[in-house]
Protein chains: 4
Amino acid sequence: MFVLVNLKAYAADPVEIATVAHDVADESGVRIAVAPQTAHLERVAETGVETWAQHVSPVEHGSHTGSALAEAVADAGVVGTLINHSEKRLKLADVDGAVNAAERAGLETVVCANNPDQVGAAAALGPDAVAVEPPELIGGDVSVSQADPDIVEDAVAAAEAVDDSVDVLCGAGVSTGEDLDAAGDLGAEGVLLASGVAKADDPRAALTSLVEPLS
Amino acid sequence: MFVLVNLKAYAADPVEIATVAHDVADESGVRIAVAPQTAHLERVAETGVETWAQHVSPVEHGSHTGSALAEAVADAGVVGTLINHSEKRLKLADVDGAVNAAERAGLETVVCANNPDQVGAAAALGPDAVAVEPPELIGGDVSVSQADPDIVEDAVAAAEAVDDSVDVLCGAGVSTGEDLDAAGDLGAEGVLLASGVAKADDPRAALTSLVEPLS
Amino acid sequence: MFVLVNLKAYAADPVEIATVAHDVADESGVRIAVAPQTAHLERVAETGVETWAQHVSPVEHGSHTGSALAEAVADAGVVGTLINHSEKRLKLADVDGAVNAAERAGLETVVCANNPDQVGAAAALGPDAVAVEPPELIGGDVSVSQADPDIVEDAVAAAEAVDDSVDVLCGAGVSTGEDLDAAGDLGAEGVLLASGVAKADDPRAALTSLVEPLS
Amino acid sequence: MFVLVNLKAYAADPVEIATVAHDVADESGVRIAVAPQTAHLERVAETGVETWAQHVSPVEHGSHTGSALAEAVADAGVVGTLINHSEKRLKLADVDGAVNAAERAGLETVVCANNPDQVGAAAALGPDAVAVEPPELIGGDVSVSQADPDIVEDAVAAAEAVDDSVDVLCGAGVSTGEDLDAAGDLGAEGVLLASGVAKADDPRAALTSLVEPLS
């Protein structure tokens, strides 16, 4: 299972979370990555943790002020990127463009989607993985794998029907080891989580407990 | 073959074009529809021509000022709608929402896309048809079916791989009967055209000539 | 005072509301306009009521599929348009472009804004009027003129400081004659309202009661 | 005069340009800043050059994946930010929100605009400065101060009419000392430039020559 911790625009110290994530990944053997603000990518990558971007723009080198150029993100030590997160929805043509931009820069790609139909659509664009996150569960206390297990199974089936080389992650409300276990049982290859770690009183304890069933 | 004439925001008289299209459809037996500005839908529908919308919004009844509610469009006598035209690109989640909104209002749906990957993605959202229109050819003098026949065949294959009940149309530069014939030979079930009729000196002659190979 | 009834994407029958508004305007001598969905503009204008658009696009005649061309809207019998409603926010350059497009088509313009700073910004673009609508009060039961009278006075001052020929309207939560009176006392030249009429059990009674203090 | 070098998404080495800019600023006494990609902010700031962001998002700490949080940008050593560049146009309400976000994080603000009307609108939102950049001249060989001197004077007048504490910069096609001189003569307090330095064969020579009239 792949655990991707999205720091969004939270007030949490990105270097502290990154250090914790690096330690817990080392100790547990579980693959854990951290996705901070773009301006924090370099300092997060310097902790040694696997570092992801929250977004890249569907552009090449050129006149694109205010974009997140995939090559610039890669320069900062990043190895993968979220695309089309529900808080950063892109036009269909731009999801395609961002996947291509990320691949051009050697970044792994996870395209987010709200539901199984959109998972199928995202899979058709050829990313490494898609992530299903029902918007109504994001930021809540109930995990998608508990609240709506069907959506995870349907997402896995939708991606497989289009391109069986595309992995499926799930997210929204994930915070415990049970959530992680349940996600794996439903066919997910990983989870996205955010507030469960980034807003935890003790991020180390939260992350350690999360990956405990996998260790 | 289905011929959809998109009037965009052209200066052409929508009622004149609609009347011509209605007559030519009657005479030729070819299915021809006209998609005018939303504010012109009602007067175009009153000509008796098959009337399409250029866009519907991914919304339900509610607080959505400035939207194009599918039910309001249907009230005006519309039977189908373009979604995600290259001049009105939508977010992936909103393409999904607009397809659902259109279906809820009983409208036929054609989702536009730039390339075969995006055609596959659009097909996964369950529209009645997808239309492939390479942006670089739109508004030009060379038809997609002549300039880039592979893209049409690849689009047909991409849609079929995802959902073989989804038809494929093609567009960009279509203006002659030969273009229409070529599109059909490549597996397209119809064409989108715009300036070839809307900006013609003699729209009736242009449209008659266009459908001549099908009559 | 000018009373502009925005029908948004509500399920209300636009022709029924328009007929009521026309009658009440005639009986009371108060200026009342109705802004329906774009696809309903023509049938609303045919009732004889003053008809407004909810939005126009910052475009001229040309390749703009899915736009709301100001000239097409004007064709349908419209005399004015909202621009930049909080449910249809535009880019700054597009607010400018939409004001210019509307003026080109002979439409009166009301640019919406959230707060006095944005009212000043909107006034600098040269519309006929600006409307201040605090987003947190839209659709609620408490009128802006009661809940936040300072914002109306500050908006009037902000517009006057930039261009004293620009009128100020206010909106959000307006539903009674007292709200209308209070708005006028604060310097507003009119009100935007929506659910207070469009969702009323008896729209005629609601509108009659609303304008009663002005009759 | 303030010289702001926007690196956009160009292929130029940001650290090399930053080092050059730092040296030329030191030698000439002219204020020169560099605005790189967000992912490059930290390494550019470490050169000692005055570092600006190309964009900040209109958000506070919270669930805003893919945003450019002003505080995160400030953490990287940034002292100011462009807002609403013509390649990153924002909604009017978001220009307001981004100015407020930047000020909250202690960043200096320059809001870009296409024409004098939009300069007036931008000035009403209370930034430190506005920059007028006619889109048709951006990236070209002719400087705004040569091609369209009226637009710079009109922009200065428009900003002053709204708030005389707001400085005016100009941009588009600026590349020589004469352009800089001309901009100052027209009332501008600085210039934005991009390709004139970032794509120069010899960025040091280009920048030295540019500021020569001011030294």
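Along the chain as shown, the residues are counted starting at 1.
Positions of Cβ are set from backbone N, Cα and C atoms, glycine also.
Note that the structure is predicted; figures quoted are calculated from it, not measured.
Pulled from TrEMBL:
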- A:His85: active site, electrophile (ACT_SITE)
- A:Glu133: active site, proton acceptor (ACT_SITE)
- A:Asn6, A:Leu7, A:Lys8, A:Ile138, A:Gly173, A:Ala194, A:Ser195: substrate binding site (BINDING)
If you count the other CB atoms within 10 A of the CB of A:Ala194 (substrate binding site), including all protein chains displayed, you should get 27
By Cβ count within 10 Å, point out the most packed of the binding-site residues listed: A:Asn6, A:Ser195. A:Asn6
For the recorded positions A:Asn6, A:Lys8, A:Glu133, proximity to chain D (Cβ under 8 Å) holds for A:Asn6, A:Lys8
Could you check what DSSP calls A:Gly173 (substrate binding site) once collapsed to helix, strand or coil? coil
Within 10 Å of the Cβ of A:Leu7 (substrate binding site), how many other Cβ atoms are there? 25
For the residue listed as 'active site, electrophile', find which of the recorded positions A:Leu7, A:Glu133, A:Gly173, A:Ala194 come within 10 Å, Cα to Cα. A:Glu133
Near A:Ile138 (substrate binding site), how many other Cβ atoms are within 10 Å of its Cβ? 20
Neighbour count (Cβ, 10 Å) for A:Lys8 (substrate binding site): 26
If you draw a 10 Å sphere around the Cβ of A:Glu133 (active site, proton acceptor), how many other Cβ atoms fall inside it, taking every protein chain shown into account? 26
Spacing of the two Cα atoms, A:Ser195 (substrate binding site) and A:Glu133 (active site, proton acceptor), in whole angstrom, works out to 14
